[in-house]
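Here TrEMBL flags 12-32, 79-99, 111-133, 154-175, 181-199, 228-250, 256-272, 284-306 as transmembrane segment.
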Amino acid sequence: MMLLMVMLNFNYFLNQFVLSIFIILSIAFYTLMERKILSYQQNRKGPNKISMIGILQPVSDAMKLLTKKEFKLTFSNNIMYWTPPFYSFFMFILVLNLFPSKMSSTEMNLSFLFFFSIIALTGFSTIIMGWASNSKYTILGSLRALAQSISYEILLIISVFLMMYYISSFSLMNFQKEKPFLWSILMLIMFIFFISLVCEVNRAPFDLSEGESELVSGFNTEYGMTKFALIFLTEYGMMIFMSLVMTLTFNNYFEMLFFFKMILFMMIFLWLRSSYPRMRYDILMYFTWKNALPITLLLSLCYFMIL
């Protein structure tokens, strides 16, 4: 019996390891897709020098990044400076447990609550990065991230709890088992949910904590080499996972077009970056607190009365 349990645990961890490797590889080519899409929308050529049509450009970028010389900041808090990139990447690896695959037969009954816990804890890494670097640009970036997270997470929680109330479950996969056409009923809530996810992954037009024109690079200004690579992997990995969440929540997982829909949401993240300028900080605060929040509460009241 003990041997069987050990074998099952080993099989589970092996499956999760293989899944993590493939997702990390997909992140590399997701960045290539982003650069290609941005180049087409800006009427220029994208990466096309490394290998055929630039297919190995992510490999070249990774090698260049990881071979950079490591440096030590004189005025940084060393332990708090080094820890957050590894911590945020570890949170991303944890959230991969919710990724549905045939390799893993596990299904969490409270997967959405686990998802909320992970994204709430991930936000602390951004704040600590900016504070521990002891740079005025990074501190301003972390303060923006803090105020922004307080704003959009309220919308995210309200919209998701309304959806969970509708299906009477906290499981991510039960969205498919119970109500496969949730998107047609909660269309407006889906729109607010997606905006909240864009804010969560810190993408344009809500990437205020990385405002290049104002804060150099924001909270990650002082990070390079391996630490920057981990921050980069976490950001783009969460974009892929948020696209999965949108597809699982409002579409049928067992459809043939499931992965095409997921790729569509992934492309919407990139399309937003190329089409919309970065919002001004005060406009974002005004939008979330005085426009989006009242609309979300009103929609919640209407849905409670109808459902």
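A Cβ is built for glycine as well, from the same backbone N, Cα and C atoms used for every other residue.
Heads up, TrEMBL stuff is auto-annotated, nobody curated it.
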Mind checking which residues of the chain, 6+ beyond the ends of the transmembrane segment (228-250), have their Cβ under 8 Å from one of its Cβ atoms?
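Contacts with the transmembrane segment (228-250): 23-24, 26-27, 30-31, 62, 65-66, 85-86, 88-89, 91-92, 95-96, 98-100, 115, 122, 129, 163, 172-173, 175-176, 182-183, 186, 190, 193-194, 197, 200-203, 220, 258, 261-263, 265-266, 269.
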Let me spell it out: take the transmembrane segment (256-272), skip the flanking residues so only those 6+ beyond its ends count, and list any with a Cβ under 8 Å from a Cβ in it.
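30, 33-34, 37-38, 41, 194, 198, 201, 203-205, 239-240, 242-244, 246-247.
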